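Taken from TrEMBL, the feature FAD binding site covers Thr268, Thr269, Thr270, Leu271, Ser272, Asp379, Ser380, Asp381. Per TrEMBL, the feature domain 'Photolyase/cryptochrome alpha/beta' maps to 12-153. If you look up TrEMBL, you'll see Trp312, Trp366, Trp389 marked as site 'Electron transfer via tryptophanyl radical'.
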Amino acid sequence: MSMASSSFSGSGNALMWFRKGLRIHDNPALECASRGVTGGGFLYPVFVIDPHYMEPDPRASSPGSSRAGLNRIRFLLESLKDLDLSLRKLGSRLLVMKGEPGEVLINCLKQWNVEKLCFEYDTDPYYQQLDMRVKDYASAARIEVFSPVSHTLFNPADIIQKNGGRPPVSYQSFLKLAGEPSWASSPLMTIFPSLPSVGDVGSSQIVEVPTLEELGYVDIEMGNELPPFRGGESEGLKRLREAISNEKWVATFEKPKGDPSAFLRPATTTLSPYLKFGCVSSRYFYQCIQDVYTRNKKHTSPPVSLLGQIPWNDNDELLTVWREAKTGYPWIDAIMTQLHKWGWMHHLARHCVACFLTRGDLFVHWEKGRDVFERLLIDSDWAINSGNWMWLSCSSFFYQYNRIYSPISFGKKYDPNGNYIRHFLPILKDMPKEYIYEPWTAPLSVQTKAKCIIGKDYPKPMVSHDSASKDCKQKLAAAYELNKKLNGVVSEEDLKVLQRKLDATCDSVLNPVHSHSSSGDKRQRRS
C-alpha cells in the first residue's frame, strides 16, 4: 500500500488506532499516520481494552470473557506488551485505554485535536459497525480517515465485485478471480527509523498494558501447562524465520497432509495466532514464501500449499460433553483438551472434532461448534472459522457427507502408540497401545492395571460411532433429497416434517452404554 493511496497532506496530529495489525513491519495505517505528521504535530498510537472482549465472565464454560478464552486474552496482552516495547524503541509508546471503543475513540479525537485517523480495515461484523460509527463522527468533524486493507492478501470487496456482486463459493473460483495480489512485487516497508513523539493526552486515562490479574482474572485454575505460544511481533517474526529456513519443507508443504497428533513439534508453521492478530503481516509472509518458491522451482500450489440447511439436533447436553472433552473417545477428547490448554490444534485435528460434533456422530448444529472455537482458539478469525465449520458439517461448500473422520482409526494412523492421547489425557497414560484409542474394549484386568476404569475414571463412549455415523448419513441424505426436490426453497415447516420423519425412523444411538429406557429419554430430548 503506497502512500499515494491516501489523501493526507498538511500538518497536525494523527491517531493510529490499533485493533489487529499489532506490529510495526508492513503496517500501511501506521506508515500513513507517521508520514502525515509534520510541522510539530504528534502521533497518538492507541489501543482500547474493550470490556465486550476482555471482561471476565463468571458464567462462561471456561476461564475468559464471554467472547474469548483466557489463552487468547493472554496472547493479546503479550502482543500489546511487545508492541509497546517496539514503539518505545522508535520514540513513541502505546496509549492503552479502557472502555467502549467507539466512545473512547471519539473522545480522543475531540481532546487531542486530531486531523488524521488511521486504522486497519476489519471484516468482522462487530468492527464493521464500530468503524462506521467512528467514521461518521470523523466525517462530521472534518477528520481525514485512512483505513487500508492489510490484514488480508486481497480486498474482499474487490473479489465480490469481480464475481458480479456475489462471493465465490469454492477456493478454485476464488483463486481464478483473485490472481496475483497487486502489491506482490512491490517492496513492503518493514523498518521504521523513528516515529513522531506522543503529545499531551489531556485528561484521558492512559494505563500500562494490564496483566491478567489487573483485568480481574484471579485464582484461575489452568493446570501446569501453558500454551507454547508467546504473543507479539518479535516472537512471530522469529517463528517465521525459523519456518522458512527449511526451504525444502516450505516448497513441498501440502495442507491435507501432516500429522495432527504431533504436539512437541507441530507439523505446521504454528503462525496462525500471529497472523490472526496481525503480529505477522500476511503480505510479508506471502512474499517470504514467494521468495522460497523462486529459489525452489518444484513446489506445491494452492489450495494444498502453504498459501492456499439441515434439521440439526438441538441438544446442549451433547454440545457440553463434546466441549468439555468427555465424549469417551480419547482421540476426540485429547484434541478438545489441547484446545482448552493451548488454544490451538492442528487443522486436521480441528476437522476431526468438527466432523464428530456435526455430521459424523452427534449431528449438533455447526454454529454451536463454531462458537466454541470462536471463543477458545487463539487464532480464531470470524470469516475463516464460520466457513470451515460450514465446510466440515457439509452445510455449504463441501457435500461429500459419506466421508467421515473416524474418531478411532484416523488418529491411530498417525500415532499408533497414542503419545498425543497420553500427553493430553494423562488418565490414560498407562493404557496399553492396543487399547488406547478404544479403552472401553480393554479387559477389566487391563483397566485395573492401567489405573483407569472406564465408566469411572474415564467416560464410556457417548455414542456408538458405527451406528451414529450411519444415522447421520441417513439424515443428511434425506435433507439433501428434500432440498433437491424443492429446488432449495425449504420452509421451516418442511424442516419440521423432515425432523419428525427422521426421529420416527432412526434408532437412537446416544449413550449406548445406558439402558433402553435411558436411551428413550435421550431421544425425546433430541426432538
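Cβ coordinates are placed from backbone N, Cα and C, and glycine is handled just like the others.
Since we're looking at a predicted model, the values are computed, not measured.
Annotated features, which come from TrEMBL, shown on the structure.
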{"residue": "Thr268", "record": "FAD binding site", "Cβ within 10 Å": "18"}
{"residue": "Thr269", "record": "FAD binding site", "Cβ within 10 Å": "20"}
{"residue": "Thr270", "record": "FAD binding site", "Cβ within 10 Å": "18"}
{"residue": "Leu271", "record": "FAD binding site", "Cβ within 10 Å": "20"}
{"residue": "Ser272", "record": "FAD binding site", "Cβ within 10 Å": "19"}
{"residue": "Trp312", "record": "site 'Electron transfer via tryptophanyl radical'", "Cβ within 10 Å": "21"}
{"residue": "Trp366", "record": "site 'Electron transfer via tryptophanyl radical'", "Cβ within 10 Å": "23"}
{"residue": "Asp379", "record": "FAD binding site", "Cβ within 10 Å": "20"}
{"residue": "Asp381", "record": "FAD binding site", "Cβ within 10 Å": "20"}
{"residue": "Trp389", "record": "site 'Electron transfer via tryptophanyl radical'", "Cβ within 10 Å": "25"}
Field: Among Trp312, Trp366, Trp389, which are recorded as recorded sites, the nearest neighbour of Ser380 (FAD binding site) by Cα
entry: Trp389
- request: Give me the mean pLDDT over the domain 'Photolyase/cryptochrome alpha/beta' (12-153), rounded to a whole number.
  value: 94
Message: If I take the alpha carbons of Thr269 (FAD binding site) and Trp389 (site 'Electron transfer via tryptophanyl radical'), what is the distance between them in whole Å?
response: 22
- line: If you count the other CB atoms within 10 A of the CB of Ser380 (FAD binding site), including all protein chains displayed, you should get 21
- prompt: Using Cα coordinates, what distance in whole Å links Ser272 (FAD binding site) and Trp366 (site 'Electron transfer via tryptophanyl radical')?
  reply: 22
Statement: Students should find that the Cα atoms of Thr268 (FAD binding site) and Trp389 (site 'Electron transfer via tryptophanyl radical') sit apart, in Å rounded to an integer, by 20
Message: Between Leu271 (FAD binding site) and Trp389 (site 'Electron transfer via tryptophanyl radical'), how many Å separate their Cα atoms?
response: 21
Query: What's the longest C-alpha separation between any two of Thr268, Thr269, Thr270, Leu271, Ser272, Asp379, Ser380, Asp381, the listed FAD-binding residues, in angstrom?
result: 18
Query: Can you tell me how the residues of the domain 'Photolyase/cryptochrome alpha/beta' (12-153) break down into helix, strand and coil by DSSP?
result: 60 helix, 28 strand, 54 coil
- request: Spatially speaking, which of the recorded positions Trp312, Asp381, Trp389 is closest to Trp366 (site 'Electron transfer via tryptophanyl radical')? Use C-alpha to C-alpha, please.
  value: Trp389
Statement: Here the Cα-Cα span from Trp312 (site 'Electron transfer via tryptophanyl radical') to Asp381 (FAD binding site), rounded to a whole number of angstrom, reaches 24
- line: Rounded Cα distance in angstrom between Thr270 (FAD binding site) and Trp389 (site 'Electron transfer via tryptophanyl radical') is 20
